[in-house]
Amino acid sequence: MTVTYSSQVANARLGSFSRLLLCWRGSIYKLLYGEFLIFLLCYYIIRFIYRMALTDEQQVIFEKLTLYCDSYIQLIPISFVLGFYVTLVVTRWWNQYENLPWPDRLMNLVSSFVEGKDEQGRMLRRTLMRYANLGNVLILRSVSAAVYKRFPSPQHLVKAGFMTPSEHKHLQKLSLPHNSFWMPWVWFANLSTKAWIGGRIRDPILLQSLLNEMNTLRTQCGQLYAYDWISIPLVYTQVVTVAVYSFFLACLIGRQFLNPAKAYPGHEMDLVVPLFTFLQFFFYAGWLKVAEQLINPFGEDDDDFETNWIVDRSLQVSLLAVDEMHQDLPPMERDMYWNEPEPHPPYTAASAQSRRPSFFGSTFNISLDKEDMEFQPDLEEQEGAHSGIIGRFLGLQSLDRQSPRTNSKTKLLWPKKEVLSHENQPKNLGGAGQNTSDQEDSKAWKGEDVFKSAVLYGRSGYHSAPQTPLSHTPMVFPPGQSAPSSLRRISGIDDPVKDQSLQPATPRSKKSFELLPENAGASTEHPEVIHMRRKTVEFNLMDMSEAPEHLREPHLGQSTSNIHTILKDHGDPYWDLENRDEAHS
């Protein structure tokens, strides 16, 4: 017991570098010792011939050849070629590892979804997982030499318990000139559907989840089959191999130490062991050998996948999960942190130094003075109305006293009474227009606050299409009738406006009326121009007696000119707007 404990302590005290050297020795040494011995032997044979067997003239020729090889050896892109090759191989190796078929997720779903603790339910769950393990073994047997040596024929799978004799007969009956690793997955899908029909799986959503996980495992098996079928192009491997070996053939001559008495540049020292050349051989040749080993990780090398262990583990764990562990739950108990809002698991003496406080962010420790933490007043609110958001958007400046352009969009910001006063006010000429520009400017932008404070349905343009200028055509009603109260509330007309009269426009079945100004008879404009400016609003007045009472209340006033009147949809066909168009000459 004491010896075992001492050995464990000694192994634990080994540094990471020592463990790394041991692992490196166990893998790289086996791959490189043959090539390295050949390289070492050739190097010292050439050195012996150079120093002992050549004449002076021959030594001069050899020294020139050495300098030439040493100068041009850098033209071989050994790092570039090896880098791309190893990156491709390692990516392929990792993808094959990620596609190893592990049945853990599938066995959890089978154990949860397939119900029944009787013999039929137990047989159903075990059969499903046996089909999954059979599919895994068939694909691993196709790509791994170790698994194939373990199960060289389907009869070995029958004797090992992965397949029954009747299932073997089905495989032989459906034999095709292709790999049959996909057949157990078809059995799995059909048996799952049969379990759902028989009531062993309650919901079709659970069946769909089970089949989705089965298809995921089936896809992984197909990926392994594709990686075994499609390998890295042989031309790429040959180019890398030729580049590495030609590089070190040039090193046998170009890395020789020349006679220091001849004072060649870079050859002032005469060493026996070219240490950095040997290290370079270990790195580059080892890089190539590792890439060659990772191309097929399903072999029998030390670094290959333990596929036979995967087969044993998958079968044992999956059958245990769906049989003995099915609905076998431990009793629920209160945990030791039941009444503690902030549980603190303990630390051992060996892990106490790894305890750290919670991280709140890199700005958590910043300290500020008291006066720097006080909120400052908003400077934009203290400025004039011209510096507001709308003023800056329209390009208005506080020093710019020019009258802004008035259009239908800016009129929406004015109060309703100011709209009436502005549109009924006669146009001034000369200085009068210049004097009233400031007043119009202030009124237009004071209306912004009124527009914001008003409720949504009381704003101008609420009942019209957004961003659409409203029509200046007034609403006209037949003689003896008045605008409905709902329309008066929308348009804001409460006082009667005089000097306007209604006259029938056209003798149609639909009665139309036109709004004519007071001095219509004294107008000096051409009749066609007047006809161009007329706008008619026609109403469906087929039967006024059937109109609702709230639309027949008496009112003697008439609508004023240039008021934006909007009709709301009352759901009454008698007051629907039939037509609104402009007459053309």
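For all residues, glycine too, the Cβ spot is worked out from N, Cα and C.
Annotation source TrEMBL lists compositional bias 'Polar residues' at 400-410.
Annotated compositional bias 'Basic and acidic residues' per TrEMBL: 415-425, in sequence order.
Annotated region 'Disordered' per TrEMBL: 400-444 (among others), in sequence order.
Taken from TrEMBL, the feature region 'Disordered' covers 463-509 (among others).
Among the features that TrEMBL reports, transmembrane segment is placed at 31-50 (among others).
Outside the transmembrane segment (71-94) by six or more residues, the chain places 227, 232, 236-237, 239-240, 243-244, 246-247, 250-251, 254, 284, 287-288, 290-291, 294-295, 297 with a CB less than 8 A from a CB of the stretch. Annotation source TrEMBL lists transmembrane segment at 71-94 (among others).
For the transmembrane segment (235-258), same-chain residues at least 6 beyond its ends with a Cβ under 8 Å from one of its own Cβ atoms are 39, 42-43, 46-47, 50, 63, 65-73, 76-78, 81-82, 85, 88, 264, 267, 269-271, 274, 277, 280-281, 284-285, 288, 291-292, 295. TrEMBL lists 235-258 (among others) with the feature transmembrane segment.
Annotation comment: TrEMBL describes 270-288 (among others) as transmembrane segment. With a threshold of 8 Å between CB atoms, the same-chain residues lying at least 6 positions outside the transmembrane segment (270-288) that come near it are 28, 31-32, 35-36, 39-40, 43, 78, 82, 86, 240-241, 244, 247-248, 251, 255, 257, 259-260.
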